[in-house]
Amino acid sequence: MFQTFRKWFWSERFWLPPTIKWSDLEDHEGLVFVKASHLYITIPYALLLMVVRYFFEKFVATPLANALGIHKTQHKIKPNAILENFFKHSTSKPSHTDVYGLAKKCNLTERQVERWFRIRQKQNKPCRLQKFQESCWRFTFYFVLTVAGAAFLYDKPWAYDLWEVWRDYPRQPLLSSQYWYYISEMSFYWSLVFSLGSDIKRKDFLANVIHHLAAISLMSFSWCANYIRSGTLVMFVHDISDIWLESAKMFSYAGWKHTCNTLFFIFAFVFFFSRFIIFPFWILYCTLILPLHYLKPFFSYIFLNLQLLILQGLHVYWGYLILKMLNRCIFTKNTQDVRSDNEEDEEEEEEEEESTKGKETEYLKNGLGTNRHLIPNGQHGR
């Protein structure tokens with residue numbers, strides 16, 4: 001049964017233009033052609049990248065964060081077995097009735113119970129240091145991929161003349177630079193998939209999962225069907241904007257607001273130019289229109305462009321988020337990532353609340369109201 005499925009799956013009618021056989025893409029005369037087996041190495045490379053990322057975050061990103069004044073936030077609370085059991089087995093956000101009952105059981109005030117749960121919730125949330133480490137790693141790898149992509153493509157004729165993308169297709173031999181560019185990119189995206197459980201979960205978590213899987217699917221399919229030339233163009237167009245986003249986030253976590261704003265505006269310009277002008281009017285034109293001058297539509301041509309259109313749909317979604325961030329930046333001077341929870345704002349609000357509480361307690365002890373006026377005897381509880 002497996003052999004039957006394998007034969008059906010790798011049928012030439014799914015992957016290659018009519019009249020082309022797999023035998024036409026066998027290595028000969030020193031020319032190497034793509035093979036699906038080449039992609040197996042991306043899994044161990046992805047695991048290796050996760051190990052490299054661990055040491056990078058520990059020995060590069062963390063010292064850099066500390067130099068910029070970013071330290072691990074400690075949310076300490078007094079251990080309480082009753083509240084901890086309720087937090088783990090019932091809910092992390094108790095109702096007012098739950099708070100009242102827990103306060104009675106623990107011999108605490110309702111405010112103390114509410115504060116315990118707020119701090120306990122924050123212990124499970126990522127701190128600024130963790131966010132900085134993640135962005136620093138992604139910035140570094142996107143930067144390396146962008147430089148590598150530019151180095152690989154600068155002397156390739158299909159980077160300047162789109163007709164060259166389809167010259168001699170699919171009998172186009174594989175270059176070593178194309179091999180390492182593809183393998184590096186796919187390994188990186190596999191490592192992002194493997195680390196989804198430990199990475200920071202944002203509001204667009206599902207969109208990120210779809211994006212990573214779509215990227216891997218698109219790269220794998222384009223590799224097996226030998227759409228390597230167009231594939232390298234797609235990867236480069238996407239990587240070139242991501243470095244600006246991650247660098248803006250790094251400076252945002254460090255509190256360098258003006259630098260963050262500048263980098264974010266650069267990112268927004270590069271993103272909209274690359275994803276809404278170059279991608280649809282250059283890349284999609286190259287994959288949708290130009291092949292029809294050489295070939296009749298066939299399955300892999302349709303499937304490739306379907307994936308690219310799904311990718312463009314994700315561009316529209318992220319473009320909407322970026323416009324929201326631009327609106328916030330221009331009108332409120334704040335470029336906080338709209339995908340994140342307002343953790344830092346909550347911390348500031350809590351600190352302000354605790355400061356206010358402390359002052360109120362001090363005033364009450366001295367017989368003063370919160371407005372520093374004397375309280376008549378017997379009216380403290382009113």
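From the backbone N, Cα and C atoms, a Cβ is placed for every residue, glycine too.
What you see is a predicted model, and the numbers here were worked out from it, not measured in a lab.
Annotated features in TrEMBL:
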DNA_BIND  85-128  DNA-binding region
COMPBIAS  342-354  compositional bias 'Acidic residues'
DOMAIN    130-331  domain 'TLC'
REGION    339-382  region 'Disordered'
TRANSMEM  37-56  transmembrane segment
TRANSMEM  135-154  transmembrane segment
TRANSMEM  179-197  transmembrane segment
TRANSMEM  263-286  transmembrane segment
TRANSMEM  298-320  transmembrane segment
Considering the transmembrane segment (263-286), which listed stretch of 37-56, 135-154, 179-197, 298-320 counts the most C-beta pairs under 8 Å: 298-320
The DNA-binding region (85-128): DSSP-derived helix, strand, coil residue counts: 31 helix, 0 strand, 13 coil
Confidence summary for the domain 'TLC' (130-331), mean pLDDT rounded: 92
